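Working notes for the structure below.
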Amino acid sequence: MAILVIAEHDNASLQPATLNAVSAAVKIGGDIHVLVAGSGCGAAAEAAAKVAGVAKVKVADAAHYADQTAENIAALVIANAAGYSHVIAPATTGGKNFMPRVAALLDVAQISDIVGVESADTFVRPIYAGNVLATVQSADAVKVITVRTTAFEAAAEGGSAAVETVAAAADSGQTKLVGRELTKSARPELTAAKIIVSGGRGVGNSENYHALLEPLADKLGAALGASRAAVDAGFVPNDYQVGQTGKIVAPQLYVAVGISGAIQHLAGMKDSKVIVAINKDPEAPIFQVADYGLVADLFEVVPQLTAAL
Amino acid sequence: MKVLVPVKRVVDYNVKVRVKSDGTGVDIANVKMSMNPFDEIAIEEAVRLKEAGTATEVIAVSAGLAGCQETLRTAMAIGADRGILIETDAELQPLAVAKLLKALVDKEQPKLVVLGKQAIDDDANQTGQMLAALLGWPQATFASKVMIAGDKATVTREVDGGLETLEMSLPAIITTDLRLNEPRYATLPNIMKAKKKPLDTVTPDALGVDVAPRLKTLKVAEPAKRQAGVKVADVADLIAKLKNEAKVI
């Protein structure tokens, strides 16, 4: 049995999500190969070769993989899928974008966002915003799987896999990237952060969000997150959103400030190790999942907290 | 230009579902059903394209039990021109739905299919991408802004690092994210008008599609409940607990 893991990377390095996907592959068991598709992605391929548990790295280096368009990545995966029992990618916006294309072209189901491996054909995945866990068994010859990264430890370094070049597939030319506005931040990446400070509607506006939460995040070395309400209201960009349809996070410490705790938000953070909630409404649902709740006016206590740390 | 918008009938987003006591599934008898919120955004976007003169006809499609007619009427109350129900009592998984939609696309020849990015019941996030693959069309998933000019679509997408904008030729598939638009409320006169709009029914058999599920659900369970913790008195108490008890700072 051999497993093909599709790497997420920025050409220069592997994104940590790839390491979680490799761990899921290790749980399934078998020879693990990693496919790195990119443009000038030699360094990412070398990094993949050093991941413990990886037996082989396949690299397709071509200009038309620079933008990771779903059409081109899916075609490449299909061209390299023969002989694999499982094709795996992290359930990032990248993996979510191209993997269903792969599954449909192979005429198999996709098993989305798995949080557990029961056996080579049986997996656990959350449904209904994580309020229910379903154990599903696939009858297909190839299992196409996306992995919820927070549910699997990152694979360690320590491998020395062979790196092999594979031919690029034809450029579909169907989509063209015309612009990218990536949020620039010196803070840790949200899904990889050990501590997250997250703000909700209660913060009031964008100025307050930045004035109150940034100093706190700076003191804690934390990433910044937000509820859907805060993103919809324009306090922060979309990539801050934690929740059912945003980012799924599981840090050591999650500090929820002015977040009421709708089930859609809880779906994105309830696997955090320690949850702190600061909210002036003692009835807010966030307190039902918080390890430490502080019922108080956030405008008073957040500066106090920042000053005291 | 015709626009096709698939809509799914799901348990309302405000309902907290319960697992059946025998663990075979989720109890959805007698709970409020609604249109999947992302699909509402898809319908709204298509209707706006029609109002802007870009689209000529908006067709809503739903697959499932007869109750999906209600979802189609809601889509028509928002502004879809007609509805198609693919009626079946079979369990439908995303690949099967993508195949059913492909059969309808082959028949109706829309230039654009707008879908919700995921359904809030199975949280699969697959159907749009699968349909794009089966049709060999370009896709723009997780859209937060859509511009159609002539034969080109320019779509801004919400991705992990921020936003990216793709350009593609039609026909194409677009899946909606939360901030693409804010769907209008259907007004009473529009709800009444929607009752008179055409609603056709077809079956998977008539479309020549095998909808047999590929995944078997062995069991469902509720995840371990997180215990509510304690309320702290003040900031000093909180910091002491985080340092000494939880040891996370």
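Quick reminder: no glycine exception, Cβ is built from N, Cα and C everywhere.
Per TrEMBL, FAD binding site is recorded for A:Arg201, A:227-228, A:241-245, A:258-265, A:Asn279. Marked as domain 'Electron transfer flavoprotein alpha/beta-subunit N-terminal' by TrEMBL: A:3-181.
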(request) Tell me the Cβ neighbour count for A:Ile259 (FAD binding site), meaning other Cβ atoms within 10 Å of its Cβ, over all protein chains shown. (result) 31
(request) Just name the most isolated of the binding-site residues A:Gln241, A:Gln244, going by other Cβ atoms within 10 Å of its Cβ. (result) A:Gln244
(message) Is it possible to get the count of other C-beta atoms within 10 angstroms of the C-beta of A:His265 (FAD binding site)?
(response) 29
(message) Sub-8 Å Cβ contact with chain B: please pick out which of the binding-site residues A:Ile259, A:Ala262, A:His265 have it.
(response) none
(request) List the same-chain residues at least 6 positions away in sequence whose Cβ sits under 8 Å from the Cβ of A:Ala262 (FAD binding site), in sequence order, or say none. (result) A:Ser227, A:Arg228, A:Gly243, A:Pro285
(request) Would you identify the secondary structure of A:Arg201 (FAD binding site) according to DSSP, in three states? (result) helix
(request) Tally every other Cβ atom lying within 10 Å of the Cβ atom of A:Arg201 (FAD binding site). (result) 16
(message) Considering every residue in the domain 'Electron transfer flavoprotein alpha/beta-subunit N-terminal' (A:3-181), what is the mean pLDDT value?
(response) 97
